[in-house]
């Protein structure tokens, strides 16, 4: 929370964890609210594995890329509404109540999805889940920020980011655990309701945010005494809350509502919105949720054929994502928000360049289609397009056959890189290929560069997670004035989910239309734009009380020399 100005001596990380025995109440608040991040992460990760088996159960889904994108992205569409409503609900009913409603929505969605009898019911369940995730995504970091001492606010809000990535990692473990179970994807999606029930029960016994409760002075002061150990810190906090609420009352005047248009016309709020909303948009446009929603599919595009192998390798990237969040908890109050963003984006750009180059090599140097290999199977199983023109065919051309769905049965001569067979794509042909000990490909081709694609994905996640993965949520939890924090946080979270929807709904279509190499190159260019945005528009808020952040925005103290300590920044650095 806010207090006087705080320097940072590198001990915030240690102090955060020492709370577990000095003042466990603060840590309990943070982790209980942070389960909303776990729900967010679990939903993001679980659909990537479940989709592989949903396609097997519903042929209408398997043959329709748009329907696959719809099942994934309808949760995002629900989250857009959830985040927008969540901003209003946070200001009207409080942070705690909003989290409880989000849990109920998430549980209802999990039940609907697990019992789905067709794609329509799946889509409806995904919308319910999205509504809950959208509300939780903007409420959890806000609640944690308002219930945290200023000195370790960044580290505690980072626990929400850690639980998001932890939820993603857990979802991959659950996916892998149920690959052999009857009803695979039903278990994967149904288990999602358990964390929601757990958080609902915990939140029933926790208080409302002291900032939201300030109008009930005695209750707010009692909660602050549990959060802060020293009496002078409680007194200072109460005084700053009083000043913030009085400023809110003066600004409102006789009107009870403040329109978004009026907020945008306020320089301080406008500058905060530009930084906060911009970060949320670019977090998605650099492509993270293509990796999280479609990670097993990307692994298959890189040349790994089986569902189980794709899920197991995806577990590695998800684990790195969770590890990156732990790194963020350590560095966020040590290195600073802005510098961490810059380092993160530089690594993301390099990783996307590597992925683009690898997928270019994979698609342009895929194994040839051999006429002898194809004739080895019954002639009726041969891909029709290949029968009409068999000259110069390779695996990539086979999978893009226009008249009907075709697949590539790799060579059985000891190396999957030797010429293989181009055959019709159905369960009978797949089983015939597997029956001879061969690998069957329908979404990617055998490649000697598959391992390099996995290195690129791992580097992408390792750089993204500590910076762009967690910092946008932290900045948005501390950059807005108290009187507008719910509405502005809702706007930023809605922008995040709208961008998420655009990316999730277009990724598979893009990979089919222009190929994965060009798709990752587009994300790389957007990452360059994100880096420029951070350098120009995002202020450093490390160690600052939230009221001081507001004063800084009034001066428009945005420094291009992000590496320079605040005290030595040039007078010309402000924008």
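Residue positions begin at 1 at the first shown residue.
Cβ atoms are placed via backbone N, Cα and C, with glycine included.
In TrEMBL, annotation is done automatically, which means it is predicted and not curated.
The transmembrane segment annotation in TrEMBL covers 29-54 (among others). Outside the transmembrane segment (29-54), and at least 6 residues removed from its termini, the chain residues within Cβ reach (under 8 Å) are 61, 68, 71-72, 75, 95, 99, 102-103, 106, 122, 126, 129-130, 132-133, 136-137, 139-141, 143-144, 147-148, 156, 159-172, 174-176, 179, 184-185, 188-189, 192, 195-196, 198-199, 202-203, 206, 227, 289, 292-297, 307, 310-311, 314, 318.
Marked as domain 'Major facilitator superfamily (MFS) profile' by TrEMBL: 29-542.
The transmembrane segment feature in TrEMBL is assigned to 66-88 (among others).
Among the features that TrEMBL reports, transmembrane segment is placed at 100-117 (among others).
Taken from TrEMBL, the feature transmembrane segment covers 123-144 (among others).
The transmembrane segment feature in TrEMBL is assigned to 156-178 (among others).
Sequence annotations record features per position, and here TrEMBL assigns transmembrane segment to 184-206 (among others).
Taken from TrEMBL, the feature transmembrane segment applies to 272-295 (among others).
If you look up TrEMBL, you'll see 310-333 (among others) marked as transmembrane segment.
Below 8 angstroms of C-beta separation, residues 279, 286-287, 301-302, 328, 331-332, 449, 452-453, 455-457, 459-460, 462-464, 466-469, 471, 515-518, 520-521, 523-524, 527-528, 530-531, 534-535, 538, 562 of the same chain, each at least six residues beyond the ends of the transmembrane segment (340-359), sit close to that stretch. Summarising the annotation, TrEMBL assigns transmembrane segment to 340-359 (among others).
Taken from TrEMBL, the feature transmembrane segment applies to 449-475 (among others).
According to TrEMBL, the transmembrane segment annotation covers 487-508 (among others).
According to TrEMBL, the transmembrane segment annotation covers 514-538 (among others). Tertiary neighbourhood of the transmembrane segment (514-538): same-chain residues 274-275, 278-279, 282, 285-287, 290, 298, 301, 337-338, 341-342, 345-346, 348-349, 352-353, 355-357, 359-360, 362-363, 468, 475, 507, 558, 560, 562, 575, selected by CB-CB distance under 8 Å and a gap of 6+ residues from either end.
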* Cβ pairs under 8 Å between the transmembrane segment (66-88) and the transmembrane segment (449-475), at least three -> no
* What stretch of 100-117, 123-144, 156-178, 272-295, 487-508 shows the most Cβ pairs under 8 Å to the transmembrane segment (449-475)? -> 272-295
* Intrachain residues whose Cβ lies under 8 Å of the transmembrane segment (184-206), provided they are six or more past its termini -> 28-29, 32-33, 35-36, 38-39, 42-43, 46-47, 49-51, 53-54, 57, 96, 99-100, 102-104, 106-107, 109-111, 113-116, 125, 129, 132, 167, 171, 174-175, 178
* Residue list, the transmembrane segment (123-144) vs rest of chain: Cβ under 8 Å, 6 or more residues beyond ends. => 29-30, 33-37, 39-40, 43, 47, 70-72, 74-87, 89-90, 95-96, 98-99, 101-114, 116, 156-157, 159-160, 189, 192, 196, 209, 473-474, 476-477, 485-486, 489-490, 492-494, 496-497
* Asked: Out of 100-117, 156-178, 310-333, 487-508, which stretch has the largest tally of CB pairs under 8 angstroms to the transmembrane segment (272-295)?
  -> 487-508
* Determine whether the transmembrane segment (310-333) and the transmembrane segment (156-178) share at least three Cβ pairs under 8 Å, counting only pairs 6 or more apart in sequence. => yes
* Structure fact -> Mean pLDDT across the domain 'Major facilitator superfamily (MFS) profile' (29-542) comes out at 82
